[in-house]
Structure formats: structure tokens, C-alpha cells
């Protein structure tokens, strides 16, 4: 019987001692828990439990059910020594089995593992030891520069080893080439036909250049599993040892004639596999270029004012609050607010907006954008990993490191592929030895060796991650940030796109268009009332009214008792009397008659304007209307979405007529209007219940729940942080073309993954029967195997040059 | 190890094998008695057919 265990879990989301009690009670109710103690002050719970009856996963589930969250440490480690997807699988499985590890995700292409764990249960040291026992090295991630240096060193080492191997293999290949009748005229020195010369040339290839395969195979077999190294080491060793045996036999029989040897097959296989690995390492490095490009966008130094002096310092040394001077033509080094000067700033690298934006005092400046013509002084507000660019890099890195669902299938297949192939090789040998060519060891060995070599699954492990890396990197360059491989995979399945109106279809900058007074009130007075009341509101429509009044030089006065009526309007006290501004519904609630203005209101709404009624002292005082302009690209982008066979729906809190007017202008299929902010998520749910795969595109805080509930939530990059946080895809460029781009990118990346899986899987599998019936030479198998890895990586790299339909 | 070192070691090793062959057997390492295509080629045709390699 296992001993009782104790675990400490850090908990997030507790607001008072009652929360702690609630969690404690909940945990105590779990079968197998003997005692649970939740400390509100340190936000931790200590649980004593019987591991035979329950597990930490049950506690975490319970805590989540109660509405709280167990905090996990997240860390990425570099992994050394992996040679194929089977290695990655083994490490991932072992780490996931460890107590305290919530999730471990190994990325074979990036050669790293992202681990989410409970630091009270398991430490990074524990994980390193476990992985070391498997025969690999887990190292905390070092700086990107160091990683890239290490990779370059590895490329140099692999290149050297390949050339060494090739120099020794070429003479062996020479003899092989002259074997055929049609090549027999080629000069070939007798020396090369000598078994002992061949042995002398093949041995360093087998054991120096091929050492890595033996080490890899040993590690795998020690852990009772098999990987590509096992196949290569087994296949080439059999060929090598059998050739030695034939050589000895030849010597004993008086060294007459020339025996048929397989040294060249073993050497050629090793050389070609090394070449394949070399291409693979080089190409793998290139798939991560998007990150490098992003990092290169950053300024390396900043000019700051410290103690009244202007100093040029490294970007890492800039502190929040520092005043940074940016000269014309320079990159803005950090995110901040402009405190002095004005200039046009080119933000195209972040927002995609090609026209430089005029910036004045108080405006925000984004790091890595370019100051065009004026001198600016910026107060740093975000530095290091908090800057917009660093956030973008983080999202891209996480997406590149994440797994698409299809990869999990490929991983499972490659995990069982090697043992299956070894079995097929044994069966092939037995069939040849006992049935096809009874007693002929040579005839039986060759097809068995070929099967071992041809079926190597290393391309299978590369197929998906290389495409995900290249696809998400290219997407980032085009202004689309996928938060994970699964979103890159699933965005293409979307059938319905729901667009928020303000800020998504329209510019989100409404302007005052009409002021319609009623009775004896004059226009200026009505506008003064409306603007003074709306001054306290942060709604874009309110800002438009205030701006309109300001443009007409109307002085505003202070109002009191401001109150917002969600989805309806506002209420204030104006000269001691209640003043209401808002929808028909609000007027109805206040029993204010609006019939006299209804016709005009309908007319304005039909023109796509938002009309707001103003009621004062229980009577209608008039109406103001504002209109938001549609983004220039919206209509064209929606046409593209239609071409992609998508249903486009406009979702807005605006009234039906205004929404219909905008809908008609841009060409959406359906309008869902007059939806309160908290009902947007319900509308998405309703669409999902109709069996549709729904993507929601929005920018505001009120869109966040809908973005989270949609199958794919897309935040338009000019939007709020909350929306971006809730979304699965961030569209950095503020136009709707990015929505169509994201779907196109997703479809093309998936097509690329499928092509890769075909190259990797179908190709190898189809070759197995050909090899088994003896129609393939072992060295051809080696070449085919190297080709399959290389073709997979090269195919993935095509995504880096992917052109979208609108660019073509 | 630098690429140059790997290349140098490879070339030196192949030269060493060639020299060692000459020294041990007393034969010219570059001699080929098989310049006439008929004998060797005929033998190899049989061999190739028997293995059916492509």
C-alpha cells in the first residue's frame, strides 16, 4: 500500500477568507482526501491524501469547478540529443507522467519543451534528471543568441562529419558504380575491390561518422523503445558485419575472385542519412526566421535623459519613466507616451498602416516604429517583455512551439512505426531465408536491411511542426498572430464570420452630422446640452458629440449625477432638472413622447446614422445624429469572405435601421442589431447551436466574452488589450482583409501539413513492400529516406514565401 | 571540430589506406587489370540479375 502524500497547490482567484473556506470544504469532499487546508494570506492549499484513491489532477479539477484556478509555473527548456519524433514522444510521455507536471509539450523542430508544472511538487532539477535518465539533456533556455550560436556550431559539426564520411564513401561508391554492365568501361583500381581496403574505408564511416546513430539507438533501446537510430544502426551494422564475414570467408578460400560485399551500402546509407540530417538542421533553422526578423525590428540603443544629461544606453537598460529622445529617421526604442514634440510616425511594421500617423503630445508611441520627421521626447511606459513587439514575438513563439491536433496523430503513428518496421524486417528475412531463397543468407539479409532503412519515420516527426513554424511565422509577417497551432489548423473550418460593427467594419471614429432641435430650443443650445451631458461618457458616440461641439466653439458647462443606462443611453442633471440622451427605449421609459421626430429619425437611421434623442424636463428637446464611416477596405474584404464561401453577419448594439444601412453598404448577409453588450456572447452561442462553426471579429472590451465563446475569436489589432487577450487570433492590421488572410493562411498551412504527411508517411510506407520483395538496393533506401526528410522541410519552407490571393 | 579538420582527416586517411595497400601487397594501388570490359562486365551482369536490384 502506498504511503499518504501531501501536496501544496498555489491558488488564484480568492478574494476573501470565505473563498478559502469554500475551497477547503470542496477539497475535503474529494474521496481519498484526509485533510485540506487553504491559507488565504499566502494563497496556497495543503492537501493530505491517499494516492491510491485520488490524485493532484482531481484536486485541480475540483478547484477549477469551484471557480478558482491552480497557478502553474511555465518554463521552456532546450532539449539536446533528440534524433527523431520518437525521441520527442518519449520525453513528452515521461515528463507528462511526472507528479506535478500538468502539461509537457515537446517541439522536435525547435528542439525544446514547454512545461507547465506545480513548483511545489516538482522542480526543474527533477525534470532534468528524469530526462537525463532517458539519455537526453534538458537545459534551461538560454538567450536566443546563445541558442543560435549553438545551432550554428551544430551545423558546422554535421557538415564536417558529412564531408568526412563522403570522402571515405566515394571510393566505395566508385566500385559500386562500375559493377553494372553499362558502366564497366569506367576505370576502377583493383585495390578498391579488396575486402580489407573496403573495410578500412567503411569502418571510420560506420563508427566515427555513424557514432551518433549507435548512441541514439542505445539510449532508445535502454528505455525499451525504438527510434530512427535503431533502424539506421541495425541496418548498416548488419550490412557491415555480414561483409566482414564474407571477407574472412574469401580470405580462407584463398582470396580468389572478388566477393560481393555490402560495405558500400552501409557507408552510403550513413553518408546520405547524415546529409539528410544536415539539410534538416539548416532548414529547421530557417523556419524560425520570422522571429529573427521581428527581433531585428527592435532598436538596439536608446537616447535617454538622466540627471539632465543625454545618454545613449543599451535598450535593456531603459527604465519605465525614462524620457527617451527620438530623432527624425530613428526607431522608437520603447513603448511610451509623447511628452514633447510632434512628428509623423511610420507604424506599418506593427499595424500595417502604410501612411505615417501624425503624433502629438499625449499620444502613445509604439516601440520599433519609425519616427519620420520631427524630434520626439517619449516617456517610457512599457519596456522589455511588456512592449508591443515583445508581446508579438511571444505569441509567435508560443504558436510555433504549440502542437496542431493533427500532429498528435502523427506522433502516435511514429511512436509505433519503428517496432512495426522491425517486425516487418524480421518477417521479410524469414520469408526470404526459408521460402524465397532457402538457406541463402545474403539474399535474405539485403531486403531486410532495405526495409529497416526505408521505413525510418524521421520525416513523419518533422512534417507538422515545420509547417506550423513556417506558417505561423509567415502569418505574423502578414499581420496575423495565431495564438497556437490548433487555431492555425481550425480557422479554415469556419463557416460563419460575425463582425462587430464599430471599430471593425467602421473606423470607430464617429462624427457629429445632424442637430435637430424641437420646439423653441435653438441648435447651439441643444448641442451644448448634449455635449455637456456626454462629456463624462467614454463611449465613442459621446466623444463625437463633444468633438462636434468643440469644433463649433460651444462652451460646455458642468452637469451632475451622470449615470449610464447600458444599451440605452445616459442620464444627468442639467440646471437641477433630469436630462436624458439615448434611444427610443430610454425615452419610452421616461414617458417622453417622440412621435413628432420619428419620421426624421427613421430618415437619419436609414442613412446609416445613429440618432440620439434628447429629453429634458419630461419632454422631447430634440435629436443629435452621428455617423461612423465605413473603413475603405471593408466592402472589398467582405467580398473576399464571400468568395471563400463564408456567411458574414453584422452584430451590433445599434438600431436595426442604422445597422441595415451599414450592412447594405458593405454587403453582409445578415444583421443582428440592437444587441446589448452582454448579449453578444449569447448570439454567438445561438449561431453555434445552429451547427455553425463561428468566428467572431471584434475590438472592444464588450466583445471579449463573445470572442472567448466563438470557435475562433479574432481581435482586430487596433483594439483593446482585453479583446486581444480573449481572442485566439490577433489581426495586427486594422482592416477586414486580415480575416480573409487568416482563413487563407490556415487553409494553405493545413494543405502544406497534409502534403508533408504524405511525403513522410505514404512515401515510406509504399516503399516497404518494394523493399521487402527485394526490388530496392539498401543504398537507394538510404537516399530515399534522406530525400523524404529534405522534401518535407523544403515543402514547409515554401510557406515562408506564401503569397495571398490579394497580393498575387 | 571545424569543417577543415574533418576534411583534412578524411583526405589523409584515404591517402594512408592507399599507401598502406601499396606497402603491404607490393602492388600498384592504381593498377586496374579490368580495363577490358568483357570479363568483369559479363560476370557482373549475372550478378546483377541474381539480386534484382534497381
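Cβ atoms are placed via backbone N, Cα and C, with glycine included.
Per TrEMBL, these features apply:
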| type | residues | note |
| --- | --- | --- |
| DOMAIN | A:5-71 | domain 'HMA' |
| DOMAIN | A:73-139 | domain 'HMA' |
| TRANSMEM | A:162-187 | transmembrane segment |
| TRANSMEM | A:199-218 | transmembrane segment |
| TRANSMEM | A:230-249 | transmembrane segment |
| TRANSMEM | A:261-279 | transmembrane segment |
| TRANSMEM | A:413-435 | transmembrane segment |
| TRANSMEM | A:441-464 | transmembrane segment |
| TRANSMEM | A:756-773 | transmembrane segment |
| TRANSMEM | A:779-797 | transmembrane segment |
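Taken through DSSP, the domain 'HMA' (A:5-71) splits into 22 helix, 23 strand, 22 coil. Between the transmembrane segment (A:756-773) and the transmembrane segment (A:162-187) there are fewer than 3 Cβ pairs closer than 8 Å, counting only pairs 6 or more residues apart in sequence, which means the two stretches are not in contact. Two recorded stretches are said to be in contact when at least 3 C-beta pairs lie under 8 angstroms, sequence spacing 6 or more; the transmembrane segment (A:413-435) and the transmembrane segment (A:199-218) fall short of this definition. Residue counts for the domain 'HMA' (A:73-139) under DSSP (helix as H, G, I; strand as E, B; rest coil) come to 24 helix, 24 strand, 19 coil. For the domain 'HMA' (A:73-139), the model gives a mean pLDDT of 84.
Same-chain residues lying 6+ beyond the ends of the transmembrane segment (A:261-279) with a Cβ under 8 Å from its Cβ atoms: 155, 158-159, 161-162, 165-166, 168-169, 172-173, 175-176, 195, 198-199, 201-202, 205-206, 209-210, 213, 232, 235-237, 239-240, 242-243, 246-247, 446, 449, 453, 456, 458, 777-779, 781-783, 785-787, 789-790, 793. Listed as Cβ neighbours of the transmembrane segment (A:162-187) (distance under 8 Å, sequence separation of 6 or more from its ends, same chain) are residues 193, 198, 201-202, 204-205, 208-210, 263-264, 267-268, 270-271, 274-275, 278, 779. Only residues 6 or more beyond the boundaries of the transmembrane segment (A:199-218), in the same chain, are considered here, and those with a CB under 8 A from a CB of the stretch are 81, 83, 87, 135, 161-162, 164-165, 168-169, 171-172, 227-230, 232-234, 236-237, 240, 243-244, 247, 263-264, 266-267, 270-271, 273-274.
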